[in-house]
């Protein structure tokens, strides 16, 4: 065992290099530029132990990094996981893989970055697979005799003993390792996001509603379906096309099918006139029938997938070929982004597909490395492409890893368990990831409603009807509920945009799992108090620690606690303070568990006392650049409050050159109990808003005056 | 790419060594002594390609062995798999792991030995993890343009192209590799089993019925429950005790709980008097409270599991300690065998448990190696222990690997999907493994019946009531059906024993998946003909190749086609020839698919025309050594036939010193159509049988005269 040599990499972040790792890593591939000023403003933070407590051991097959672990310490993060939020006691094999139905650590976006509630984080930056034993290993010389119990007779027997260490198995070659300071979990996660260059700031239209059409639709069908949204008064910002837009797919040409899309430029333009962006599905594997093929063939790996080549996008030449073609055929006619499918690989579905770990690429990297970073390369390559056009994009991606906080991409999956989908949304927030619990179909109208409700309060509100041909109005009996929630999302656009601005500038995740919001010790004590009241849990005296991985914060002020089909009531863990039912107006005291029975038409959302929620009227689509709309600042409750409202053009990167504003709005209460709001600037000239209207002391969200 | 240097290892088996692998391998750990005479009698066999077609490549992380693959070539084996029988198109990561709910290759008993229907087999002998790409990888320079289809429009699009190679990823250090000749699949499997020293021959009592009692039962409860079997006329040979017999478990002491078992010797003896053997559950991890602990501590790995030590049983000193204690406390009081639980490890259940891959053992081997062979070591260690006592054992084990054909152990799992259980039974037969679809509980009386029916025609007929407290009579409404099938098993004891004798001496698996019995091309053509008649399958013109992994042969003459709950009818693939419903007498022409609708009381079993099935009357338990019972040879149908009947003392290893007989019985039909049977020896003196009775031309199994 040896100590490691740590260097201060940025304020609150230490770095060391173990072994002689490959220079190609997630963070280097992403060109992560830490936001050093913002990191400095956070201060030096603190670690719960000295750097010397972190030890490294060399074995025949790897390096083992060992960190101390306390008895009740909870371990969060490690990427997009579906079955646990606290990974304590689990082993995480962090390999990129599709459709993770078992809790092994393999997933679309495994991230070798964890944060514990003792208040620190560890990040391994490597293009190879890492295994993290989250207290799932117990060294013999640390096995405490008193922990060893007799399962025959002792109800206190536990399947996993309280190990005293986290053990991280690095690749044979070693890796770059970062220690990240707390003290709070959210401080660690902020620092991680800032290390990655800050979070992403989507274009405003990205936060509207997305609809993906059936894969074999032609242009007329696409335009007709889009038009239906307008006619039926269902907001929609983005129309997504699926594999059928390609002249051939699986593998892909990347070229428009002339048969189905004889004039794609016209279609895109027509849609744009009607307020729709176009998003194109693709996957990595290039068809021999593609014009890209001959250029990319010498720049590809030595294994094909579905008969297509797997280009080596670590090579600038390969990226240029891809980007040039995408610019000419897609961006130049107005396409707004991509759905980057199948960059993960799978042995878990009916057929195995992907280049193998032993595949060789012209860069000299192998299949294991390329698979771990393939999703990253596509994100960066397309984001760069749009940046060069000074346009922001927002899209979807099926694989990710560390270093992607600044990437404008949201993860999705072919899985469909709704509880797991909500958990994944929570988990993503620890790892600089975004996740959409996309809706595709439903087992009932109730299931339809519950899924649509939560997707409308998620990072990307989308109906993916590629295979099912569903529409938001597919269940007529609940159509008004669906319309209501999509419109709610549209009203909340400024609030959501603000949350993303905090992400961009301060590294604060826009969507937050509960441990990012509350001390876990408070969570535990509140839960234990609550559990005593619910005698169905905790039978036989066992404390079952509830993870609260079924509710999350959106921004600073809204807490979302979805129901799934079959549930008619649920417990909600409310943090300290006073809360109001966002749509009911009911008042709740926080720092406790409350039980709600909302009815199908309502998803439980709670707003903090004193919150100022910036809203606009629900519209068919997000405001266009240059279009000004009235801003309605809604103050809730009885407490004073304030908000830093962010504004920019919502579409370009001009904000990075200073063309943006932060305006502080404050609500105060006079001695006479009169509430009033004021801006920090004397004259407020927000480029997106024509006027500012105030509501004070709201208990529930007022009706939309456009309804 | 290089050719490999093959040496003839035995008739029909070539061997090469790649790299510098560890000397500790499955086959070497098992001390496999090939049955060279029997191999020689099989002849030199044939390979479908020259040895030069097998190539090896060195990459940065492994050796890749590449073998040619034909378009429709089917790949079987690779261990105990639950989701596929033909692994073509799949990637198999052959790591030992518990509860495999996804089709990755990880399983309780992954075996790096496959056989294809082109007629050869490949075996990798290594204590490390092997990955086999069963045509799931496609090298770029082999990607045929005409295979690349457009998924948008081409219904012939396939998710997995027809790769031209199997690729086997060896560990970094290399491995020992064997090529095994065909030409038939069963020839390859036979040679593999003979390479491993032949199959296992259980004691006769092992083929009776097993019942495991609830874990916390005390001696009185155990004896009372055993007595109930006798009173209720349910045969039973083995009573299994679960963790509660230990003074402490998880981790284990290996010592009798004085509280629950104050006089274990008396209990075992009492049970023996009543015809019951005792089988003891254990797992590897030794408790600090065990008398074994101090001796084994310095001989253990540096990680604990459940607070217990993981002894290094590659060390003879460690084995001696274990064996001595087991001899003194278990064997010497008459215990007949073990259930070797939890030697697999798991990251798939609610809690991860096992020593990690980087664990170090005193032998110098690491955790990866010990985990891959742990199940093997326990099998060999306990088998050797019983051999020294000149007693055969039969038991259960939760992990295995290559080289274990001669081990008297049957695999089982905490999984419970019945279709998967039946598929695992079929799959085990390609890999020198035995599997029991043990019964524990049921969702309905129908489910109970269907599970009990098939377990009674499986390698080990067992009700494992450790947690559920079920009994064969737990569903009173179907009690007669259960009794009938347990008694059927007892009647078939000589037939089952004969099948195992073929396994022992000739390497022929006693339970056989259909590709071991029929040419796969015949299976395919029969299936295609059949499919045209069943228009619900094969809709849209797609040929869905049915694997027939839901039926199997038992011995040479019986075909079992179980139903699962919810099914009321099923298709059965009958091989060439005439068949009779074993219990119905219905006549069927083979080489086709037949449809049967058996009713709950019947599991479809088919007997070959001309078969001679040796039976005895159903008894409470297997005949004791020295006990002679009448043998009833039942000839079926209208064809002549013959059987090599095997006999020995059924309990010791005297048979290995020549104390056994093979007697040929033949049934002939005279010109007048009279059937008669005769033995090859003039005077037949079988040690197990008092007399021989014949039945000729049976169409269905006659009633048991003891019923």
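Glycine residues also receive a Cβ, built from the backbone N, Cα and C atoms like all the rest.
All TrEMBL annotations are machine predictions without curation.
Database features (TrEMBL):
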DOMAIN    B:58-130  domain 'Glycoside hydrolase family 31 N-terminal'
DOMAIN    B:200-498  domain 'Glycoside hydrolase family 31 TIM barrel'
DOMAIN    B:547-613  domain 'Glycosyl hydrolase family 31 C-terminal'
DOMAIN    B:630-674  domain 'DUF5110'
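When Cβ-Cβ distances under 8 Å to the domain 'Glycoside hydrolase family 31 N-terminal' (B:58-130) are tallied for each of B:200-498, B:547-613, B:630-674, the top count falls to B:200-498. Averaged across the domain 'Glycosyl hydrolase family 31 C-terminal' (B:547-613), pLDDT in this predicted model comes to 97. Residues of the domain 'Glycoside hydrolase family 31 N-terminal' (B:58-130) grouped by DSSP class, helix first, strand second and coil last, total 0 helix, 32 strand, 41 coil.
Nonlocal intrachain contacts for the domain 'DUF5110' (B:630-674), taken as residues 6+ away from its ends with a CB within less than 8 angstroms of a stretch CB, comprise 201, 203-205, 387, 390-392, 494, 497-498, 501-502, 505, 557, 578, 580, 607-617, 622-623, 680-681, 684, 686-699, 701-702. Secondary structure by DSSP for the domain 'Glycosyl hydrolase family 31 C-terminal' (B:547-613): 0 helix, 29 strand, 38 coil.
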